[in-house]
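Summarising the annotation, TrEMBL assigns domain '3-oxo-5-alpha-steroid 4-dehydrogenase C-terminal' to 272-312. TrEMBL lists 6-28, 87-107, 144-165, 180-199, 301-324 with the feature transmembrane segment.
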Amino acid sequence: MIINNYLIIFGYYTSITFWVISILIYILKIFNDDFGTFTSYGKLKFGLNSKEKKENKNKINDNEQNSITSILNLFFLDKEIIDTKQAWMLFYTVLLVLSNLFFFILSEENDKSTSTQILFILFFIQAGRRLYETHFIQKHRKSDMNLLLFISGLCYYIFLTLSAFTETIYKINHSKSETISINIFNLLLSLLLFSIGSFEQFKSHEILSLIRSNKTNLSSSSTTRTTTTTNKNKTKNNILNNIMGFEVDDSSDEDDNDNDNIQNKNFDDKIEYKTTPSTKYEIPNGRLYQYVSSPHYLSEILIYFSFLILTNFKLNSLIVRFGFY
């Protein structure tokens, strides 16, 4: 398969342009609070506190006409019409397909791109694992992603693969094949770091998923116990009414229900989960959570660092991508 050199050049410089724009947007997100909120979703958008969420939302509405978001709203980029979980599944599917496609193109094109071919294999494994975790492991809060975030995420995974592909071919065509040559030590080290990062990220997501499942089960169990107690008291009163011929006062039963609710609360409090007073968010424990607050993000950094080692720090697109961390 012969790849048109002009298409490679066009794809290469288009990828560079994309990453430059991405850096500028990322800087804007850091220094502009309004735009930072606009480009967030779920609990990160307003925080977990409902009062804080309401105050921030009102603040945004008041300043909307004087903000950069007013321009984005004109193009309907603020519309939250895409389910967050479905959006992430689509992103990983795109990464899965493109990694597979570019791998086979490189394998047929020449034998000077071994490290990039292995890179696409790792992309493929990463995308497959994250797709599985998103669908079967992670418990997502019900939230929607706005159109700007969806387009940004889609473009990110497209250019993550496209930039690595076009940069590799571009350097080979310009007699820079030595920049992407395979190094056995780098290969083994990158595979080791990739394996560790992938495993720890998977276990971290499992722990988070288990916590959310326990919260749901405990809430359902507490509600069930309260309902059962109330039904038993009503049944007892109905029997007494039929036998004695007069109505039994339910106020004492209400007191009993209150006592049962207190007991249920005490039972729930015995479950060994640490909580913060303001958000009542259960702090994960176990594995890397004993040492860092976000081991899943730390694992992601380790995974992308393994990509840099594999390519001997010669793919500029990967270096720029790593800089986002």
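Residue numbering: from 1, along the chain as shown.
Each residue, glycine too, has its Cβ placed from N, Cα and C.
In this chain, the transmembrane segment (180-199) lies out of contact with the transmembrane segment (6-28); the count of Cβ pairs under 8 Å, excluding pairs fewer than 6 apart in sequence, is fewer than 3. The highest tally of CB pairs under 8 A with the transmembrane segment (144-165), across 87-107, 180-199, 301-324, is held by 87-107. Remote same-chain residues near the transmembrane segment (301-324) are listed as 15-16, 19, 22-23, 26, 115-116, 118-119, 122, 126, 159-160, 163-164, 167-168, 171, 179-181, 183, 186-187, 189-194, 196-198, 200-201 (criterion: CB distance under 8 Å, separation of at least six residues from the stretch ends). Confidence for the domain '3-oxo-5-alpha-steroid 4-dehydrogenase C-terminal' (272-312), expressed as mean pLDDT, is 81.
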